[in-house]
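Visitor: Taken from TrEMBL, the feature repeat 'PPR' applies to 169-203, 204-238, 239-273, 274-308, 309-343, 345-379, 380-414, 415-449, 450-484, 590-624, 625-659, 800-834. Residues or ranges marked as domain 'PROP1-like PPR' in TrEMBL: 703-831.
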Amino acid sequence: MAAQNGGCTHAHQQPWCSCDAVRIGVALQKMVVRRGDHPSGPCFSSACELGPNRVHVERHVDYDHGQYLARPPPPLVPSIKHLPKRFKKKVKRGRRTKDQNDWDISQLVQKILALEPGGDIDGLLNHWTGRFNRKNFPILIQEMTMTGSLNHSDRVFNWMKHQELYRARADMYNDMMCLNIRHNQLDSARRLFKEMQESRCNPDVESYNVLINAYGRARHLQLASNAFDAMLTAGIAPSRQSYNNLISAYGSSGKWEYCLQLCKKMMDNGVGPDIVTHNILLSALRNGGEYDKAISYFHGMEARNFPLDLVTYNILMKCFSQVGQYGKAIDLFCRLRNSSYCKPNLVTFNTVMHIYGVCGRLSDAKSTFELMLAEGLAPDVVSYNTLIGVYSSAGLYKEAESVMSLMKEAGHRPNLVTYTSLVNAYGKSGQPERAEVIFGMIERHSLKPNTVSYNALISAYSWVGNFDDAMRVYDVMKSKKVRPNSVTICTLLTASGKGGYMEKIHDILLEAACHNIQLNTTLCNAALTALIGGGAYDSAEKLFVTMQTDGIRADSVTYFLLIKMSGLIGDHMQAHRLFDELCAGAAGLTVEACSELINIYAKKGMPCEAQAVYEKMKILGCCPNVVTFTSLLCAYGVKGLLREAVGVFEDMVAEGIVPDIVAYTALISTFNKNGYPEKAIELARSIQHEEVCQNEVFCMEILAACSKLRDWRTALDTFQKMQDAGTVATHQTVHHLLLVVGKSGQPEEMLKLYLKIKKLGFEPTSGIYETLLNCFAKAGRWRLCMEILGWFELARFKPSFQTYNIALACLNSKEQWRSYLDVYKEMKDAGYLPTKSMASTAEKASHLWEGVKYSCIRCLVLFDGSSLQWPPLMCRNVDLKIEPYRYVDLQKLVSDEGCTCWYLKQQAEIVRDNRFIPPGNWAQRVHHRERREFRLGHEHNKQSEIGRACLELQGLFPPYPPTSWLYSLAHIVFSSIGVRA
């Protein structure tokens with residue numbers, strides 16, 4: 001149509017006939033989106049060529065709501081010649097005195113709306129010449145009700161009823177009843193219906209439809225049925241809208257069985273259902289919780305090739321999300337986007353964002369919001385609140401606050417749902433204080449907190465186990481006269497359980513009774529959860545007995561909690577008895593209860609019983625999930641039944657269930673127990689490209705396999721993947737990793753790994769030091785072993801007896817007697833009693849050390865007897881590497897001997913005064929002589945005095961380079977024996 005396309009017909013188009021003009025006028029009247037919408041955008045008119053006549057069409061563009069309205073204008077006031085004769089003189093006289101005005105109805109409506117609520121509407125209408133024609137009254141009422149102003153419309157209608165030419169008409173009463181219903185004024189609508197009957201104006205089918213719709217919106221189902229029966233009694237044939245209103249009334253209350261009966265009755269009476277009827281039935285099934293029936297009804301509509309509209313898709317998407325078929329809901333959304341006749345609206349996008357939030361796909365929810373903006377749809381308050389709720393469910397308060405900022409920038413005012421979602425976000429992130437600050441903003445913005453708002457704040461304190469503050473908020477809630485509900489009581493029970501206030505659970509249940517909240521299954525389950533979580537198993541059993549005594553039906557959640565409690569106390573017989581009661585009762589077997597019982601048998605090492613439960617649940621039609629298969633895998637893994645475990649894993653994959661990290665860990669553990677570490681590593685490598693979040697237990701099993709294979713490279717790669725995934729490594733993981741690398745014979749890699757871990761801020765423990773010491777001792781790195789013993793002292797850890805034993809064994813194997821004696825003395829000072837072998841080795845080391853000291857002095861004397869007449873020196877090109885720090889430890893060589901040797905001092909002074917550098921072959925000759933004399937001293941074990949003058953060498957030689965004879969002597973000592981640095 002030209003009017004719908006926003007323009008006029010062009011000159012070259014074929015002129016329309018007069019009957020087309022009539023159809024255009026009727027169609028334009030039906031194009032109003034909602035009856036009574038008052039456009040806020042500009043209003044403009046255009047004319048269409050209809051033969052010799054022109055039809056003026058008013059178009060209203062509402063840019064705020066994205067609506068386009070088009071309708072013919074109200075008829076103009078008839079000229080004076082069409083007025084009755086008794087009014088012609090009065091109108092002429094009024095025009096001369098300017099007491100009467102020839103306004104058309106549109107101008108009159110604008111003048112009425114311009115008046116204040118208490119303005120003189122009667123005076124304005126009394127100056128309108130159109131009041132002398134009763135045909136203007138229905139048009140005026142129609143225009144006034146379309147504005148949506150109830151006050152102005154009531155006053156105009158009351159003025160109209162006092163006019164001489166007024167005659168009651170059904171369409172005027174119908175318009176006024178519709179307006180009152182839109183403002184939720186049910187009593188006023190009923191009063192108008194009764195007044196219409198008293199005015200001898202017979203209600204028509206539209207009147208009864210309006211009344212049935214009013215009762216349905218107010219959930220007065222019996223009154224709606226009575227109105228429908230009264231319509232039949234009055235001899236008025238119900239229309240399709242009548243049946244739709246009555247079906248919608250019962251469907252909104254979830255009574256889908258009666259809705260189907262009404263639909264059958266409707267078809268029996270010859271009134272066929274339309275798409276609105278089918279949508280009402282789908283909505284009734286959804287409200288009644290019959291999501292599977294709604295989906296089946298939808299498939300039946302598709303099989304009959306029934307045209308579907310946007311409302312149908314929106315209802316079905318919500319049904320699919322309720323039954324957990326999120327993929328099918330998203331497929332419907334994609335199908336709707338690709339449709340050429342039906343495009344998604346705000347409700348569709350809001351539903352999709354909610355579905356992504358339930359699935360935990362936050363990024364997809366954000367992408368959907370951006371897609372809605374790209375489609376040209378302006379998000380409303382519900383859209384922003386939906387996205388905020390998605391982030392709040394995950395505890396992402398920063399993202400939720402950023403969305404609220406965008407909401408304010410778009411000109412929308414945050415409402416109570418917005419602030420409640422933010423309170424929930426801070427509560428789940430463990431920040432109850434910040435949640436209470438947001439809660440205080442509700443009243444500051446002139447909003448009144450409701451029960452849901454208080455429940456969110458109580459849940460914030462319950463999340464961290466702060467029972468006292470949760471009760472404080474509950475007391476404030478009662479003082480504000482906000483009625484608590486069952487969710488409030490359940491939240492308080494959770495807070496008492498997490499806070500360890502088991503004795504408060506009975507008081508909370510009594511508090512629920514004081515507010516007429518009956519003890520039901522939900523409250524009992526919450527109390528059982530709190531008692532079992534706090535370890536009060538006896539109280540939980542008493543509460544279950546109370547449930548049975550009071551006739552409270554135990555559901556599947558109740559039995560699941562009791563089976564879990566039986567597993568915690570180790571009573572698998574009681575768990576099996578509860579499972580049998582669940583199977584025989586009306587509660588219905590659930591996969592959670594079956595998985596928990598299989599898990600109990602797995603911990604007890606009873607795979608046959610676990611397999612029996614698995615077979616029974618399949619017979620009863622209970623589909624296993626990933627937890628069920630994982631528990632069964634663990635049951636076989638505990639006993640090391642590899643073949644059965646692999647069979648369960650293959651069955652899980654065949655069922656289309658994606659294994660999680662727990663399932664992979666159980667299978668890898670079974671491979672390790674059966675001596676197939678290479679298969680464990682192969683399985684771990686096969687899941688690298690899958691989206692499986694690896695945890696610490698999985699990495700420990702991989703490290704166990706690497707330890708058996710001495711595969712230290714795979715162990716390091718596993719640790720690197722842990723770091724890349726953001727998994728925090730514990731002390732146990734680091735200890736096991738170091739043990740794997742050290743056990744593989746890679747002390748250098750182990751030292752690098754230790755330094756890397758320490759650089760990352762990891763604080764080593766005494767167990768890690770012992771692991772390092774053990775690995776270095778096996779590699780014969782005695783110097784690093786001595787250094788690690790020093791780390792114990794710096795970290796204030798006390799080495800164990802086993803640590804000292806490992807260090808002494810390493811020093812004994814390397815014949816480092818001086819260090820052996822130091823560690824032996826340190827062990828005795830630490831309070832450990834040495835073994836006989838340690839004591840005998842220490843005595844042997846003492847004798848050998850005395851021979852070493854004699855050999856050193858003997859070498860010095862032989863230096864003086866040489867034919868060179870100069871003290872021994874060492875050249876820079878000697879292949880012996882001397883470290884400067886060993887010079888300081890030379891004092892330990894002559895620690896308490898107290899000998900005087902003037903010769904050493906004299907030779908040292910000669911070196912200092914002459915700064916002599918001997919030839920290059922001199923150092924090599926001295927080196928061979930030193931070695932020979934050391935062997936002689938070792939064989940004869942001769943004792944001789946060591947000059948006290950060596951104590952003064954520290955003051956003589958620091959200015960000299962490491963080519964002095966003192967460093968040469970230090971090298972002899974340190975290359976022959978172990979002196980602790």
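Every residue, even glycine, has its Cβ placed from backbone N, Cα and C.
Where in this structure would I find these features, and how exposed are they?
Guide: For the repeat 'PPR' (169-203), DSSP puts the residue distribution at 26 helix, 0 strand, 9 coil.
Residues 170-171, 173-174, 177-178, 181, 184, 186, 189-190, 193, 196, 245-246, 248-250, 252-253, 255, 269, 271 of the same chain, all 6+ positions outside the repeat 'PPR' (204-238), place their C-beta atoms under 8 angstroms from a C-beta of that stretch.
Listed by sequence, the residues of this chain that lie at least six past the ends of the repeat 'PPR' (239-273) yet keep a Cβ under 8 A from its Cβ atoms are 205, 208-209, 212-213, 215-217, 219, 221, 224-225, 228, 231, 280-281, 283-285, 287-290, 293.
Secondary structure by DSSP for the repeat 'PPR' (274-308): 26 helix, 0 strand, 9 coil.
Cβ atoms under 8 Å from those of the repeat 'PPR' (309-343) belong to residues 275, 278-279, 282-283, 285-286, 291-292, 294-295, 298, 301, 351-352, 354-355, 358-359, 375 of the same chain, restricted to positions at least 6 beyond its ends.
Within the chain carrying the repeat 'PPR' (345-379), a Cβ under 8 angstroms from the stretch's Cβ atoms is held by residues 66, 310, 313-314, 317-318, 321, 326, 329-330, 333, 336, 386-387, 389-391, 393-394, 396, 399, 410, all 6 or more beyond its ends.
Residues of the same chain lying 6 or more positions beyond the ends of the repeat 'PPR' (380-414) and with a Cβ under 8 Å from any Cβ of it are 346, 349-350, 353-354, 356-358, 360, 362, 365-366, 369, 372, 421-422, 424-426, 428-431, 434, 445.
Distant neighbours of the repeat 'PPR' (415-449): 381, 384-385, 388-389, 391-397, 400-401, 404, 407, 456-457, 459-461, 463-464, 466, 469, 473, 480, 482; these residues of the same chain sit at least 6 beyond its ends, with a Cβ under 8 Å from one of its Cβ atoms.
With helix defined as DSSP H, G or I and strand as E or B, the repeat 'PPR' (450-484) counts 26 helix, 0 strand, 9 coil.
Here the repeat 'PPR' (590-624) has, by DSSP, the following mix of helix, strand and coil residues: 27 helix, 0 strand, 8 coil.
With a threshold of 8 Å between CB atoms, the same-chain residues lying at least 6 positions outside the repeat 'PPR' (625-659) that come near it are 591-592, 594-595, 598-599, 601-603, 605-607, 610-611, 614, 617, 666-667, 669-671, 673-674, 676.
Residues belonging to the domain 'PROP1-like PPR' (703-831) score a mean pLDDT of 81 in the model.
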Visitor: Helix, strand, coil residue numbers for the repeat 'PPR' (345-379) per DSSP?
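Guide: Taking each residue of the repeat 'PPR' (345-379) in turn, the totals are 27 helix, 0 strand, 8 coil.
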Visitor: What are the helix, strand and coil residue counts for the repeat 'PPR' (380-414) according to DSSP?
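Guide: Result for the repeat 'PPR' (380-414), in helix, strand, coil order: 26 helix, 0 strand, 9 coil.
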Visitor: Per DSSP, what is the residue tally for the repeat 'PPR' (800-834) in helix, strand and coil?
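Guide: So the repeat 'PPR' (800-834) is made up of 26 helix, 0 strand, 9 coil.
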Visitor: Give the residue counts of the repeat 'PPR' (625-659) per reduced DSSP state, in the order helix, strand, coil.
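Guide: The breakdown for the repeat 'PPR' (625-659) reads 27 helix, 0 strand, 8 coil.
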Visitor: Quick one: DSSP breakdown of the repeat 'PPR' (309-343) into helix, strand and coil?
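Guide: Looking at the repeat 'PPR' (309-343) with DSSP, the answer is 25 helix, 0 strand, 10 coil.
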